[in-house]
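Working notes, beginning with the structure itself.
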Amino acid sequence: MNVTPEVKSRGMKFAEEQLLKHGWTQGKGLGRKENGITQALRVTLKQDTHGVGHDPAKEFTNHWWNELFNKTAANLVVETGQDGVQIRSLSKETTRYNHPKPNLLYQKFVKMATLTSGGEKPNKDLESCSDDDNQGSKSPKILTDEMLLQACEGRTAHKAARLGITMKAKLARLEAQEQAFLARLKGQDPGAPQLQSESKPPKKKKKKRRQKEEEEATASERNDADEKHPEHAEQNIRKSKKKKRRHQEGKVSDEREGTTKGNEKEDAAGTSGLGELNSREQTNQSLRKGKKKKRWHHEEEKMGVLEEGGKGKEAAGSVRTEEVESRAYADPCSRRKKRQQQEEEDLNLEDRGEETVLGGGTREAESRACSDGRSRKSKKKRQQHQEEEDILDVRDEKDGGAREAESRAHTGSSSRGKRKRQQHPKKERAGVSTVQKAKKKQKKRD
């Protein structure tokens, strides 16, 4: 038969190695006399419903009849006498111990006396017990310090005193403190000098007391004055309320200023470049608005002059209209040139502003956002300028065609010239209406 070797766990191997180091060999028991266990304890899993310590094989190993026979045989005693052999069984009473049951009457209460018609009869047992207790419970003697020193042969807990180092000064100081304390309790002045053990009250408490006293004094004075003059009392109440409000507002403003100052210090370096650009943009916008207003005024004045010329006399008006038409024909060219120059200047200013932001600005994200907004605005403005220029170009072309037709027909007949002169102010009025519409659109966009 092949015996399978035992599979040892890591813990068992480690324990065997430690025991082998100390001279243990397999088969020996543990302990100094080597009479201990020879095999290691092993943990077994409990996979049944029986209690701890239950032996399921006890039914087959327990021979109860054998035990019963042995017990009865042990109780039998065989005695041999003159009469013969006698068998006697031991009584059960001898094997038991007599334990008297406690009296459950008056378990937690003590019977002091019994009531009768004649009176109370005290319990004698209790009296005897109380006498014994009084005799036995004598108060022990209280030893004095001198008696303790004699009993301990002059030895104390202070070991240095054995060498002659005593604490006479400290003991004297403690005695003086005790005497002063006792005198203070009795209300007498101590004869011995007191140590300055009590700490002086702090100055803060004194200040608070003074402030409270002053406030109470002022309050009492106000009450007296209020009783005498109730009108002044109402005024004082209003003033005090106003002062409180101002004080609270001042606190709130100080807190806000503190927070804003901290934020301003942090953002000062980054917003310096942006502030300069904003100021420049504002100045540029104001200049542009002024220039636009001047242009519109000039155009309205010129259109009004043309209308007045058409309404005047026909003979003198023919010469004036030709002069005005020649001027108006020259004006669009000059206007275009001026607008182109202004747009170029605006673009140059915007390019410079963007360069300064990119060069000196500390916060790139903010500068980019600002530049994007400006580029959008500039694009919108350019589109508006282009639309206005297109409108003016159309007008100028119409005016130019009308002028050529008028110049050709002026030599032919005066009637044709009159009709054209009557039609010309209508066209001018239509141009004025378109200009006004463009103005309204710009205002709505702004």
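Glycine is treated like the rest: Cβ placed from N, Cα and C.
Quick caveat, the model's predicted, so the values are computed rather than measured.
According to Swiss-Prot, the feature N-acetylmethionine maps to MET1. The phosphothreonine annotation in Swiss-Prot covers THR4, THR116. Annotated domain 'G-patch' per Swiss-Prot: 11-57, in sequence order, evidence recorded as sequence analysis. Here Swiss-Prot flags LYS46 as SUMO2 cross-link. Swiss-Prot lists 116-140, 188-446 with the feature region 'Disordered'. Annotation source Swiss-Prot lists phosphoserine at SER128, SER130, SER139. Marked as coiled coil by Swiss-Prot on the basis of sequence analysis: 166-251. Residues or ranges marked as compositional bias 'Basic and acidic residues' by Swiss-Prot: 219-237, 249-268, 297-328, 363-375, 392-409. Residues or ranges marked as compositional bias 'Basic residues' by Swiss-Prot: 238-248, 416-427, 437-446.
Taken through DSSP, the compositional bias 'Basic residues' (437-446) splits into 9 helix, 0 strand, 1 coil.
Under the three-state DSSP scheme, the residue listed as 'SUMO2 cross-link' falls in the coil class.
All protein chains included, the residue listed as 'SUMO2 cross-link' registers 7 other Cβ atoms within 10 Å of its own Cβ. LYS46 (SUMO2 cross-link) and THR116 (phosphothreonine) are 71 Å apart (CA-CA, integer value).
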